[in-house]
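What follows is a set of notes on a single structure, which appears directly below.
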Amino acid sequence: MTNIHNHKILILDFGSQYTQLIARRVREIGVYCELWAWDVTEEQIREFNPTGIILSGGPESTTEENSPRAPEYVFNAGVPVLGICYGMQTMAMQLGGLTETSDHREFGYASVDLQATDALFAKLNDNLTASEPKLDVWMSHGDKVTRLPQGFQVTGITPTCPIAAMSDESRRFYGVQFHPEVTHTKSGLELLTNFVVGICGCECKWTAENIIEDAVARIKEQVGDDEVILGLSGGVDSSVTALLLHRAIGKNLHCVFVDNGLLRLNEGDQVMEMFGDKFGLNIIRVNAEDRFLDALKGIDEPEAKRKTIGKVFVDVFDDESKKLTSVKWLAQGTIYPDVIESAASKTGKAHVIKSHHNVGGLPDYMKLGLVEPLRELFKDEVRKIGLALGLPAEMLNRHPFPGPGLGVRVLGEIKKEYCDLLRKADAIFIEELYKADWYYKVSQAFTVFLPVKSVGVMGDGRKYDWVVSLRAVETIDFMTAHWAHLPYDLLGKISNRIINEVNGISRVVYDVSGKPPATIEWE
């Protein structure tokens, strides 16, 4: 079996908003990497045994007395090191150079003139018409290196940054003041490939097929002949987790699908058809709609609704798990960003992956071992694995759907009538987006039920029914978002269909709020 962790890159996080992008780019190249806090110990680095190290950017200033520094062992480990932005500055400072706050801060696009073609910049040139090679890059820095450490040479400059890139090829140390991990840097992926593959010598073994093979082997080793229970929602993470476990242990996997009455139109039937009929999984469907709706009566505050939905789910799932007396393991679809965010919420830092770490917080009374086959993977990697396992692309690439489901898309108190109306209206919205080839042009689209009534006219009669709002946004990272400028004729068609086909809705509005100031979801 291929050892997909044999060659690996260690990324030390100094707090940049782009740090996870570095890891995703390295994985995209085909090499495993992990993201750790900047203040790891020498012992931890030795144990990880990286093939190369990348120092991320960060918001601090190296000119400040207590600003973060890389562990000294980083520069004594005998492996290549790449410093990005702040990572380059701390490398320079720690190896004997100088940095200072720049009079001309650089934020946004810049053109770097390459002064020397070292291994990092081999075959890179974004401007073939210029006499000297240039790179179009993305800058985001206020400090700059003003004196090189001994043994380094300048490899790139800009008009306001005399040391925009540097290298000491004898020690395989490299620094760039720009961000190769962002797509705005045209040749950024090629530069990172030069470092990871060309300089570090990593083999590209991190592929979907190899990841599946490794995950299946590790599941078999962990659980043996024991039985495992999994809460299957039909979402990407739990679906891929289910198929990996099914491939590893077959009928020893028990999937529990809790139909809470807060799902999209026909979603429960689709989950059963996909995983029960097509893939042959051992799946139990629990119709718990009444239980959820009863618990939600009289609750209109969003956070209280979320907590109630979460508690009822745990209670329902626990009831089912007690019926399966031979189960010894609980599987979860935890992914790598969950691990990073969980660690950060507790310590303010990203931490080392630790096996059997319970990100979600199991109730104390559920005495089960934990299986998390996706905990090393980013979302885009999970989707690639899902495709390789046979899941349809349209399912894997669906827009995000909140954990509480329609519970946070029905504003105020949740009632079955409201959910039924919303399901039908939302299905029409999504259907028309697909027909008009707009579904994949927007990042997320959904319908919100507003608990207010509005006067309308239907034929010769007057109607007084509910209002729904359409929401469609465009975003890269979901941290900020713009409302999608859908064509007026498309919006008109969607509105007309909803009002005419969904008895109980008299008015359709379109949400044109950005994030910020609004959030993407209404609750």
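Just so you know, glycine gets a Cβ as well, placed from its N, Cα and C.
In Swiss-Prot this protein carries:
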- Cys85: active site, nucleophile (ACT_SITE)
- His179: active site (ACT_SITE)
- Glu181: active site (ACT_SITE)
- Ser233, Gly234, Gly235, Val236, Asp237, Ser238, Ser239: ATP binding site (BINDING)
- 8-205: domain 'Glutamine amidotransferase type-1' (DOMAIN)
- 206-398: domain 'GMPS ATP-PPase' (DOMAIN)
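Structure with Swiss-Prot features highlighted.
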residue	record	CB count, 10 Å
Cys85	active site, nucleophile	26
His179	active site	24
Glu181	active site	28
Ser233	ATP binding site	22
Gly234	ATP binding site	21
Gly235	ATP binding site	16
Val236	ATP binding site	23
Asp237	ATP binding site	19
Ser238	ATP binding site	21
Ser239	ATP binding site	24
Coarse DSSP state, helix versus strand versus coil, of Asp237 (ATP binding site): helix
Per-region confidence, the domain 'GMPS ATP-PPase' (206-398) (mean pLDDT, whole number): 89
Nearest-integer angstrom distance between the alpha carbons (Cα) of Asp237 (ATP binding site) and Cys85 (active site, nucleophile): 33
Of the active-site residues listed as Cys85, His179, Glu181, the one whose CA lies nearest the CA of Ser233 (ATP binding site): Glu181
Candidate active-site residues Cys85, His179, Glu181, pick with smallest Cα gap to Gly234 (ATP binding site): Glu181
Cα-to-Cα gap, Ser239 (ATP binding site) vs Glu181 (active site), nearest whole Å: 29
Cα proximity to His179 (active site), best match among recorded positions Cys85, Val236, Ser238: Cys85
Three-class DSSP secondary structure - Glu181 (active site): coil
